[in-house]
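Features reported for this protein in Swiss-Prot:
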- 1-5: topological domain 'Extracellular' (TOPO_DOM)
- 6-26: transmembrane segment (TRANSMEM)
- 27-46: topological domain 'Cytoplasmic' (TOPO_DOM)
- 47-67: transmembrane segment (TRANSMEM)
- 68-86: topological domain 'Extracellular' (TOPO_DOM)
- 81: N-linked glycosylation site (CARBOHYD)
- 87-107: transmembrane segment (TRANSMEM)
- 110-130: transmembrane segment (TRANSMEM)
- 131-142: topological domain 'Extracellular' (TOPO_DOM)
- 143-163: transmembrane segment (TRANSMEM)
- 164-187: topological domain 'Cytoplasmic' (TOPO_DOM)
- 188-208: transmembrane segment (TRANSMEM)
- 209-217: topological domain 'Extracellular' (TOPO_DOM)
- 218-238: transmembrane segment (TRANSMEM)
- 239-483: topological domain 'Cytoplasmic' (TOPO_DOM)
- 275-310: region 'Disordered' (REGION)
- 290-303: compositional bias 'Low complexity' (COMPBIAS)
- 484-504: transmembrane segment (TRANSMEM)
- 505-532: topological domain 'Extracellular' (TOPO_DOM)
- 533-553: transmembrane segment (TRANSMEM)
- 554-572: topological domain 'Cytoplasmic' (TOPO_DOM)
- 573-587: transmembrane segment (TRANSMEM)
- 588-594: topological domain 'Extracellular' (TOPO_DOM)
- 595-610: transmembrane segment (TRANSMEM)
- 611-622: topological domain 'Cytoplasmic' (TOPO_DOM)
- 623-643: transmembrane segment (TRANSMEM)
- 644-653: topological domain 'Extracellular' (TOPO_DOM)
């Protein structure tokens, strides 16, 4: 059968296939490198470079076999024997439906399954072209089951693995000995699982599609053992020296900082003489500032009878810590009157960078000659570090240096004060490495009021009987120790690269599977598509995936690596390894599984174990709803395009 009159559909198909590959790169590649970027082991640029390399290699070596299912496993192609043009139009429609929904999901920063997109789109066009009897509905049942099986199974495996790592390594006072002992096991598991996955999938170009399962398992175990021995005899000694060097360097820097600070404090300056706890104490509680710089030399009474305390003054001393209560009064916040109705205390340790910044800022305020036009040269206070609004209240540092209308375009995670109004976006508080120094959790509720700004500040440290919760434990668990970071740093990069390689082989079929079907139908003039997948088509899909990653991939990477829950190298490695193991096991025993759903389930499970409040459950709800609507929405888009082609274009061609 000569199909030259349908050459236009092939051309349109190639264009749309690139857009589809672009959408897959923008959305699905976050599965591989989202956690690595979130934990900080690689930058976004490095992740894009590594993912581009491994996605392309994986798509060429592994993509051919996986594409068979997408082309023939969802619909009965024999029903199109006498209507080849309808099948070609259907493949174009499927690519449009899948691409549109994945681009929408990427715009919304929601990770969705590329496989489910193309399956839903294929079902959509087939319902319009032939009817319900053309669809293999069991595939749809498996997809629905995977919504629950994938995240649950992967979450359980990730949680169990992370609890083991937490118990044997992270919770130890010195995690290095146990970490070094476990390192060969981790490398062996990573290599073994991923090698088995690659061999089990089969690479037609390498002649691996005929490997029996027992040979695949034996070869994977052998390679894993070899890597374990290499790590034990070469990597572990090198890692031990590197960790010792890092700790020695950190200790030297800490001593230098302490000596420098002590030397400064010994100088005969009024600034340090007046600072509470400047000598002889490891911690000081700095009070709120007075309502204006000029009032710092004298105390005033506030409405409730408490004393307003200037810089470096204290109202009371308890157990060597100087505390200043401040309640139901007002203070000056960069020229704006701010009211507070809560007691505010804040402990600042002398060995922290925050303490030194406070000293420096106070010194600058004291030595200024011209107070008529003060300048605020402080850095922007961002929600993601220790400079929160209560820190600003303590040292008189504004949230932003100016309050002009042009300042509205600030980073979305900053708190913004604009004139007499407040633009405040409530987000989940994230703790960082400063939490070991600042053991107070503050929550700010800022409301715009006529005639000024009302700020409600609360610090749990001020409560003599604080609630017995695990907030301090969560602070400590938020960041890995430097030794743990080094142990898991390269491990997470390795698992991410393997995951990217496997993803390229699996998901390139979602991008160019319909295009391969379209090309083979056009070449052979029939619907059976007996020829093998051309390598150049796989490479074409790989290039499209990389383009999408570079242009738009950061959106979903941010969701997977940062927004859903904070990631550390240890938790990121756990997520990568457990989700990969889940995919391999579930695929081998016939359970319906989705890589995207597995990764999201692992991220949520590990995040919940590390800190009960660390998971953004609202975001997870939105992701789950996106999974739920993926198949019907992609199917509707595809069905609409198919109806236009079948009834509006093909009859007139």
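Residue numbering: from 1, along the chain as shown.
Even glycines carry a Cβ here, placed using N, Cα and C.
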Distant-in-sequence neighbours of the topological domain 'Extracellular' (644-653), which means Cβ under 8 A and at least six residues beyond its ends: 5-6, 8, 85-86, 89, 92-93, 128-129
Intrachain neighbours beyond the topological domain 'Cytoplasmic' (164-187), with Cβ under 8 angstroms and 6 or more residues off its ends: 227-229, 231-232, 235-236, 239-240, 243, 477, 480-481, 483-484, 487, 491, 494, 570, 573-574, 577, 609
In contact by Cβ distance (the transmembrane segment (573-587), the transmembrane segment (110-130); 3 or more pairs under 8 Å): no
Rounded mean pLDDT for the residues that make up the topological domain 'Cytoplasmic' (27-46): 88
Packing count at the residue listed as 'N-linked glycosylation site' (other Cβ atoms within 10 Å of its Cβ): 11
DSSP-derived helix, strand and coil totals, residue by residue, for the topological domain 'Cytoplasmic' (164-187): 19 helix, 0 strand, 5 coil
Secondary structure content of the topological domain 'Cytoplasmic' (27-46), with strand meaning DSSP E or B: 14 helix, 0 strand, 6 coil
Closest-packing stretch to the transmembrane segment (47-67), where packing means Cβ pairs under 8 Å, from 6-26, 218-238, 533-553: 533-553
Touch test for the transmembrane segment (6-26) and the transmembrane segment (623-643), at least 3 Cβ pairs under 8 Å: no
Residue distribution over DSSP helix, strand and coil in the topological domain 'Extracellular' (131-142): 9 helix, 1 strand, 2 coil
For the transmembrane segment (573-587): best-contacting stretch of 484-504, 533-553, 623-643, by Cβ pairs under 8 Å: 484-504
Cβ contacts under 8 Å made by the topological domain 'Cytoplasmic' (27-46) with residues that lie 6+ beyond its boundaries: 54-55, 102, 105-106, 111-114, 488-490, 492-493, 496, 499-500, 503, 507, 510, 545, 548-549, 553-554, 556-562, 566-569, 571-572, 575-576, 595-596, 599, 603
Sequence-remote partners of the topological domain 'Cytoplasmic' (554-572) [C-beta within less than 8 Å, at least six residues beyond its ends]: 26-27, 29-31, 33-41, 44, 47, 105-107, 109-111, 162, 165, 169-170, 430, 478-480, 484-485, 487-489, 491-492, 599-600, 603-604, 606-608, 610, 614-616, 619-620, 623
